Amino acid sequence: MTGASLALTAAVVAHAYYLKNQFYPTVVYLTKSSPSMAVLYIQAFVLVFLLGKFMGKVFFGQLRAAEMEHLLERSWYAVTETCLAFTVFRDDFSPRFVALFTLLLFLKCFHWLAEDRVDFMERSPNISWLFHFRILALMLLLGVLDAFFVSHAYHSLVIRGASVQLVFGFEYAILMTVILTVFIKYILHSVDLQSENPWDNKAVYMLYTELFTGFIKVLLYVAFMTIMVKVHTFPLFAIRPMYLAMRQFKKAVTDAIMSRRAIRNMNTLYPDATAEELQAMDNVCIICREEMVTGAKRLPCNHIFHTSCLRSWFQRQQTCPTCRMDVLRASLPTQPQTPTEQQNQHQNQAQQQPTPVIPPQPNFPPGILPPFPPGMFPLWPPMGPFPPVPGAPGGNPPDEANPGSSSGSSPRPGETSNVGSESQPGAALPGFPFPPPFLGMPILPPFGLPPMPMPPAGFTGLTDEELRAMEGHERQNLEARLQCLQNIHTLLDAAMLQINQYLTVLASIGPPQPPISSTSTSTSSAASASTAPTTSNISEPVIPVDTTSTVTNTESSQQSAPPAPVSVETLSGAEGGETTTEEPDNVELRRRRLQKLETGTTDSQ
């Protein structure tokens, strides 16, 4: 690209000189021709790029990948802000204006590279004299250029009034604060490298340096915005750098306050680690990678570090270096227990814990509940008796439930009443008033789940180290245990909810009708249905009490002599004296029922 731009520039200049044949007319032609100026601009940018690479080789040598990445990332934003500045100062747009902005962007790039290279000193163990010479020479050159351009902008504003030099003056003033921060950091890193032991107060000085320079940047941007709004227009290109400066200053203030609080808590709340605690665990500080002998602090999460390392760490962030626990929100640490104390405590708890009293299981009829596999719900308490079903018949004998039949007439001689001897299906099952539903259906296990797996036999074959590795003391282990307990609690709640729904449905369906086993059962059911029409789904007319008594006596006579066939004419003749006084509809209804009972008796025989 360099050769192409050079050849294109030479061709444009030669063409202009060929047309004008003199130097001055050639220069005028090149400045007035837009294509020629575009080619010259491209050539100027190429020359600036070559100059930047040359100065980078001189002051930095080989750039690292992180430095190149930061440079490209910041350059895109700087170019965008420069284009926005061109739109704000479009009346002052000229080759000189473009050259000044190009020079400003060029110097900004070297300020960014100097800042990254000085930060690299903290992570590099070996710093050569050539490195110091390059950094000092670069900082001196950049400082002189910044001061010169600030002075030039000031004199231009004093002599010519408000112009585009106002922007350049504030930009170079901001760059002066950047180079001041870089110089102070360089001094602090150099002092730290000269000392044999790590310098504990370096982080404090760096924090207050960033706080001071950040405050100066915020003041400069606020003053620049105020002056630009009053003199020219709203500086849209300064919004992003002003926001970044304010955010950096706010972060520095917050870090200063939180670090002082964390260091105060470390000095007052956190206990010193004892020699036994250091021997019982890995005594290597993960911050400095050196062994801890004395001067170590134990955090609330029971992690131990050097006091000086913690002080430097808390200047940057207020979390545990190992588990990232917020030390400002943690409670007062508790003394860790030795394995012997933990074993004694577990034994005492096991002795003091009373034996749980298991209440007796309710007497449920077989088949009313599906057979639960053993061990499926080991944590459930024993279930109590089921709630009574509203409207379900109890264990009372039928003569109490139907007083009309007993008071209306007395049994005849020779007849044995079977009403009192009849037994309801639910009366023989204490604790549950009705038989199990769905007698013909196979009973499935609840929810279709297989039985729970049996717990492991024991951990006798594992060593202490393996048990500690399985238990875990880090944050992710505790979170995994809590999540497992929450899952178990959720599954138990869901299972209990489904069981309650099952019991509710079971109680709401009511007792099913028992199967017809004998003539007496069928006759009693028909008599009960005729005396209690409210329990039937079909509305029927009410039959008087005397009629019911007659039917009951007739049924008793039928039960006492089963071989003799029962006919409608016999029963009708026995009741012939009473039918004359009843209505024709009731007589017809009774006749049909007796005919139905006769048919049922014949089928059962």
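A Cβ is built for glycine as well, from the same backbone N, Cα and C atoms used for every other residue.
Membrane topology of Lys32 relative to Ser163, as recorded in Swiss-Prot: opposite sides.
Among the ranges 245-284, 285-324, the one that Swiss-Prot lists as zinc finger is 285-324. Record note: among 177-208, 465-496, 465-496 is the stretch given as coiled coil by Swiss-Prot. Comparing the binding-site residues Cys285, Cys288, Cys309 on other C-beta atoms within 10 angstroms of each C-beta gives the minimum for Cys288. The local packing around His306 (Zn(2+) 1 binding site), expressed as other Cβ atoms within 10 Å of its Cβ over all shown chains, amounts to 23. According to DSSP, the secondary structure content of the topological domain 'Lumenal' (20-35) in residues is 13 helix, 0 strand, 3 coil.
Neighbours of the Zn(2+) 1 site: apart from Cys285, Cys288, His306, Cys309, residues of the same chain with C-beta atoms within 8 angstroms of the site's C-beta centroid are Ile286, Ile287, Arg289, Glu290, Met292, Phe305, Ser308, Leu310. When pLDDT values are averaged over the topological domain 'Cytoplasmic' (240-605), the model yields 62. Distant neighbours of the topological domain 'Cytoplasmic' (57-92): 101, 104-105, 108-110, 112-113, 116-117, 120, 134-135, 137-138, 163-164, 167, 232-233, 235-238, 240-241; these residues of the same chain sit at least 6 beyond its ends, with a Cβ under 8 Å from one of its Cβ atoms.
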